[in-house]
Amino acid sequence: MKALAKLERGPGLTLTRVKRPEVGHNDVLIKIHRTAICGTDIHIWKWDDWAQKTIPVPMHVGHEYVGEIVEMGQEVRGFAIGDRVSGEGHITCGFCRNCRAGRRHLCRNTVGVGVNREGAFAEYLAIPAFNAFKIPPEISDDLASIFDPFGNATHTALSFNLVGEDVLITGAGPIGVMAAAIAKHVGARNVVITDINDYRLELARKMGATRAVNVSRESLRDVMADLHMTEGFDVGLEMSGVPSAFTSMLEAMNHGGKIALLGIPPAQTAIDWNQVIFKGLEIKGIYGREMFETWYKMVAMLQSGLDLSPIITHRFAADDYEKGFAAMLSGESGKVILDWTV
């Protein structure tokens, strides 16, 4: 089958032919319709330090996808040939304390599709049936293909009650922009998102952010004054991994505020712990999606009117993957979709 793989230890990916995956007794085989390019895939493309330490070579990658089930293992129940599915990209052990307690998103033995094992940038993908998630007919293939990052945004944004709250989001990448849309959808009062990328800040405006602030030109304090915010933000969603962004968030939080961290800052990043301790801030780290509560919430929000369509800005045939990665690398894109059916 056709697949997009890391064949050599260096930058780039190669469209190649690989063996169609075997289907275990508890697996489903998915014929891929669409995939989306993730920031993780950009790290793999660039072959940065993280990728060099993490990605097996050779291996085909990718973990954001939608497709249809074409084969099932003999032990699989609850699915049928032809079901349209996306899937949870974190494959968990099922036996550790967290898994057995129903906290699979905290499994210490997690294996990532397209990171630690063969991925979805291919014509077919085999995964455990447990990880497959049926997609309702009213949700398009394009939207279903971005359920993985949509899930990151959902898990982060819905970590705390947002109704009537003032929310600060630092980082207007696709996940941050989707988090802004989610926050407004569920009833936040003011949703302010910061970045230095005007293209993505404009996407955030289209998705419903109250204010999209280029912090290289505009003061967050001035924006807060314009919005008549006198006590600080109630909830912070840190999506950038940029130390200065986290510092500005800590300074802007109200006492008793709550922060969810999805962005990954450099190791040994220093912060002013006085801001955390004397403000009584609550800080929560976010990894992946809750299985499968996050997935049900994603579907419910789309069915109740959440519009994520503006975040999908580019579409290419899988054979034109280089154009897709160029769009992502340019910084002037939202989500980029690759079509494996043409």
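Glycine is no exception: its Cβ is also placed from the backbone N, Cα and C atoms.
According to Swiss-Prot, the residue from Ile146, Ile175, Ile311, Ile312 that belongs to the NAD(+) site alongside Asp195, Arg200, Leu262, Gly263, Ile264, Ile286, Tyr287 is Ile175. The residues near the Zn(2+) 1 site, meaning same-chain residues not in Cys38, His63, Glu64 whose C-beta sits within 8 angstroms of the mean position of the site's C-beta atoms, are Thr35, Ala36, Ile37, Thr40, Asp41, Gly62, Tyr65, Gly89, Gly114, Ala120, Asp148, Pro149, in sequence order. Within the same chain, the residues at least 6 positions away from Gly263 (NAD(+) binding site) whose Cβ sits under 8 Å from its Cβ are Thr170, Gly171, Glu238, Met239, Ser240, Gly241, Val242, Ala245, Phe246, listed in sequence order. Annotation: Thr40 are the recorded positions among Thr40, His43, Cys99, Ile175, Asp195, Leu262 whose CA atoms are within 10 angstroms of the CA of His63 (Zn(2+) 1 binding site). Of all the binding-site residues in the record (Cys107, Ile175, Asp195, Arg200, Ile286), the one with the smallest CA separation from His43 (active site, charge relay system) is Ile175.
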